[in-house]
Amino acid sequence: MFLRRVATLQAMDASARCSASAQQDRARLWQTDAFGGLELLRAHFVAFTFSPHAHDEFMIVVTEEGAALPRLWGAAQHVGPGDVFVLDPCEVHAGGPASGSIWRYRSFYLPAALMQQVLQEVTGVDRGAPRFPEEVIHDPATAVMLRRAHAVLEQPGTTLAHEASLMEALAGLVARHAVGTAPVQRVGHEHRAVILAKEYLDAFATENVSLDTLARVAGIGPFHLCRVFRNETGLSPHAYQILVRVRLAKALLARDIPIAQVAVEAGFSDQAHLTRHFKRMFGVTPGQYRRERLPPALGERAHNGTDDVRKGSSECAGEPGLPHAG
C-alpha cells in the first residue's frame, strides 16, 4: 500500500512538473506586411523541442534570454544572447532549450529572393543569395539590430517603417558575415534516387505511399533508398512526407474551411494528428497560426470549436501545449 502511494505521488509530481513546463512554453507565429508578407516567430520555451524539419526560406534567429542547442545533421550547436543563428533554405534542423535553461528568442523567415536583394544592395552586384560560412555567428551588435527590427515589425506601423528597419538590420548582417553566394537548395547535389523519391512524395503528398512503391520510383532497393535519403536530406522518407503534408496544411489554413477538413485534405488521419506535427514544426497549433493570419471574422467562421485539440495532449508524451504569447 505504501509503495503504491509513493508511486502515485511520484507520478502526480511528474505530471505537475510536466504541466508547469508546458504552461511556460509559449509562442507566436504571425505574418507581417513587410516585403509582401514575411513570417515571424517570437517564442519562450522551457520544455518544448522541435522535431527535425526544414523551411523553404532563410531562417534567422536571435536569442533574447537563455540558450539553445539546435541540431544540424545530428551535431548540436550552442546558441545564446549575442549570437545570430542563420540557416539556408531547406536545411534540416531540430532542437530546443539547453539543459536547465529557458530559450526566449525571435525568428525571421526570409525568402531567398529578399536575401538576394539585400546582398545586391550591399555589394552592388547581383550575385544570387548570400552564403553564411557559419550557422552560429557571435556578433552582439548585429544581434541587437535584428532584435530591434523584429520588435518594430511586431508593433503597429507603416509598411515603410517596417521594411526600412528590417532592411537596415539585414544589410548589417550580410555586410559583416555573408560571403559569395549560397546554393538555395541542395537538390542539385542529391543522389538521383533521392530527387525522384522527393518529387514523388511532393506530387502525391496525401497518398498512402508504400516504401516499395517509393523504391520502385527511385530505381533502387528500399533499404538503400532509406539510407541515401537520410544521408542526403537529414530526414527519413516518412519524415519528409510529414514535412510536405504540414506545409500543405499551412497553406490550406489560409482558406475559410474548418481545421478538421484541412487535416484531411493535407493527408492527416485527423485533426489531432495534424496539430501534433504542426506544433512540432512551427511551435504553435494550427488554430493559433490561423488566428494570427486571418481577419477575426474569417478566423471565427473557420474555427470548428476544437481546433487546438488539447484533450489528451501531453508534454511528456511529446505533444507540448504552447499557449499563445502576448
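From the backbone N, Cα and C atoms, a Cβ is placed for every residue, glycine too.
Here is what TrEMBL says about this protein:
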- 293-313: compositional bias 'Basic and acidic residues' (COMPBIAS)
- 195-292: domain 'HTH araC/xylS-type' (DOMAIN)
- 293-326: region 'Disordered' (REGION)
| According to DSSP, how is the domain 'HTH araC/xylS-type' (195-292) divided among helix, strand and coil residues? | 71 helix, 0 strand, 27 coil
| What mean pLDDT score does the domain 'HTH araC/xylS-type' (195-292) have in the model? | 90
